[in-house]
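J.: Below are the structure tokens for one structure; questions will follow.
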Amino acid sequence: MGLLTFRDVAIEFSLEEWQCLDTAQRNLYKNVILENYRNLVFLGIAVSKQDLITCLEQEKEPLTVKRHEMVNEPPVMCSHFAQEFWPEQNIKDSFEKVTLRRYEKCGNDNFQLKGCKSVDECKLHKGGYNGLNQCLPTMQSKMFQCDKYVKVFNKFSHSDRHKIKHMENKPFKCKECGRSFCMLSHLTRHERNYTKVNFCKCEECEKAVNQSSKLTKHKRIYTCEKLYKCQECDRTFNQFSNLTEYKKDYAREKPYKCEECGKAFNQSSHLTTHKIIHTGEKPYKCEECGKAFNQFSNLTTHKKIHTGEQPYICEECGKAFTQSSTLTTHKRIHTGEKPYKCEECGKAFNRSSKLTEHKNIHTGEQPYKCEECGKAFNRSSNLTEHRKIHTEEKPYKCKECGKAFKHSSALTTHKRIHTGEKPYKCEECGKAFNRSSKLTEHKKLHTGKKPYKCEECGKAFIQSSKLTEHKKIHSGEIPYKCEECGKAFKHSSSLTTHKRIHTGEKPYKCEECGKAFSRSSKLTEHKIIHTGEKPYKCERCDKAFNQSANLTKHKKIHTGEKLQNWNV
């Protein structure tokens, strides 16, 4: 198909035809010619300024121009054509007059305008004027006009589509900018602009989306914002669609039941995945380290360890995580939120897994059993720790001092010795700790509560670990023995500290003078030398000391213990 030319869109009249038009019709003609010309120029189509254009711009009468060839067969034209598109009676009459004269001059005496009683009866109307479009000469085929604004089309379908633009009702609205359209196709085309631009960009991960609403949803990954709550179980979701899908679980039939534990599922694939828990099968293996998993999602999460990807960052302390759920749990350290409460004793936890394990205390159940020695535990974490007694495996090593640990959590806590980080702060007195357990124990000082009581002697303790240690006094148990010298200890921490005598290890270093110590308590006391603080005060004479050992020695002056020794 050749390029569009000005001749293709021009409407031409003979001199006689031109004289039949009144002033309004001639002005309309001029406007249409000029508009067509400007449209072609705008589209970049080369158009020479013909005499016709020049005359029109100067508002002169146009010269006689050649008319197009007429069709050989005389067409039949519906009179509703003129009535619909040229509603004004004088324009309709002129149209019919000019059309008939043109065909008569070409020798087509049989040309007639067919009269129809209604548009509905007219086959030409019903056919969308397809036949009319094909048989009309150039002049008539360009005469489909929009009566809202002066615009001429060469097909009825184009005119009809154009008229919709002037409809006041525009039901198709853009969610992004609020703009309305009368046709769905126009809205679809408009929305593609957003897809191309991708103007909504996430500041966290630089992901681009084509709608601001999508960006808002995406950001909830980082904020862990969960707006949609299930009325049945109080579970929350960050997208309404997720809540809707979750609600279906209540309504859905669950025909697939696990024969092992009785749990039911609404999909056979879910049951298949669940069964892996009982079989111990781990089909999803990490190519990097060989570790296997029973779920593909767990493997995906694990892979982030190797890539180092940690997209979920805590705004409070800057700590990063590989999973959004881990960040949600971590945030509870700062907020103190403990949503999981034991109905038996009222104790609350920040994790559902902790509550589940805690319940075993009340039931006496110990489901976690060591395959090596048969010892059972009420917590899986206790079993994991116990197993390392048999293996002596310590895979987590500190890069700072080389110390190795059985658990990653222990390494994390240990690192705070070097960094000095103390994220757990007491709201009562402002004292900070590097472990949450230490803060929990410390809080009991303010309440004065000592819930852990010795059945043997009645002595009460703030911490359960202190009671456990105390009981060894009555039992005489000293389970922790040094392999180097054979000395035994009641506590594992005492053995650890003792071992440093043999190794010479001094992990606690003073930043002020560089002096190192084997115990953190010694470093704490040493720091007082630099500050000049003397926190240890004698109750008898108000004399103060910078070390507790010096106060202990001083007290002997008042008790007479030192004098007695001198007399000997």
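Yeah, the Cβs are placed from backbone N, Cα and C, and that goes for glycine too.
In case it's useful when we look at the structure, here is the feature table from Swiss-Prot:
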DOMAIN    4-75  domain 'KRAB'
ZN_FING   144-166  zinc finger
ZN_FING   172-194  zinc finger
ZN_FING   200-222  zinc finger
ZN_FING   228-250  zinc finger
ZN_FING   256-278  zinc finger
ZN_FING   284-306  zinc finger
ZN_FING   312-334  zinc finger
ZN_FING   340-362  zinc finger
ZN_FING   368-390  zinc finger
ZN_FING   424-446  zinc finger
ZN_FING   452-474  zinc finger
ZN_FING   480-502  zinc finger
J.: I need to check the long-range neighbours of the zinc finger (424-446): which residues 6 or more away from its ends have a CB within less than 8 Å of a CB in the stretch?
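T.: Sequence-remote neighbours of the zinc finger (424-446) are 333, 413, 416-417, 462-463.
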J.: Over the span of the zinc finger (340-362), count residues by DSSP class, listing helix, strand and coil in order.
T.: 11 helix, 4 strand, 8 coil
J.: Within the zinc finger (284-306), how many residues are helix, strand or coil going by DSSP?
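T.: Secondary-structure breakdown of the zinc finger (284-306): 11 helix, 4 strand, 8 coil.
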J.: Using DSSP, break the zinc finger (368-390) down into helix, strand and coil residues and give each count.
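T.: Grouping H, G, I as helix and E, B as strand yields 11 helix, 4 strand, 8 coil.
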J.: Six or more residues beyond either end and a Cβ under 8 Å away: which residues meet both conditions relative to the zinc finger (368-390)?
T.: 357, 360-361, 406-407
J.: Counting by DSSP secondary structure, give me helix, strand and coil numbers for the zinc finger (480-502).
T.: 11 helix, 4 strand, 8 coil
J.: Using Cβ atoms and a strict cutoff of less than 8 Å, what residues sit near the zinc finger (340-362) while being 6 or more residues removed from its termini?
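T.: Residues 329, 332-333, 378-381 contact the zinc finger (340-362) from elsewhere in the chain.
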J.: Treating G and I as helix alongside H, and B as strand alongside E, what does DSSP give for the zinc finger (452-474) in helix, strand and coil?
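T.: Tallying H, G and I as helix, E and B as strand, the rest coil: 11 helix, 4 strand, 8 coil.
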J.: Which residues of the same chain, at least 6 past either end of the zinc finger (284-306), have a Cβ under 8 Å from a Cβ in it?
T.: 273, 276-277, 322-323
J.: Write out how many residues of the zinc finger (172-194) are helix, how many strand and how many coil, based on DSSP.
T.: 11 helix, 4 strand, 8 coil
J.: Looking only at the zinc finger (228-250), what is the model's average confidence as pLDDT?
T.: 68
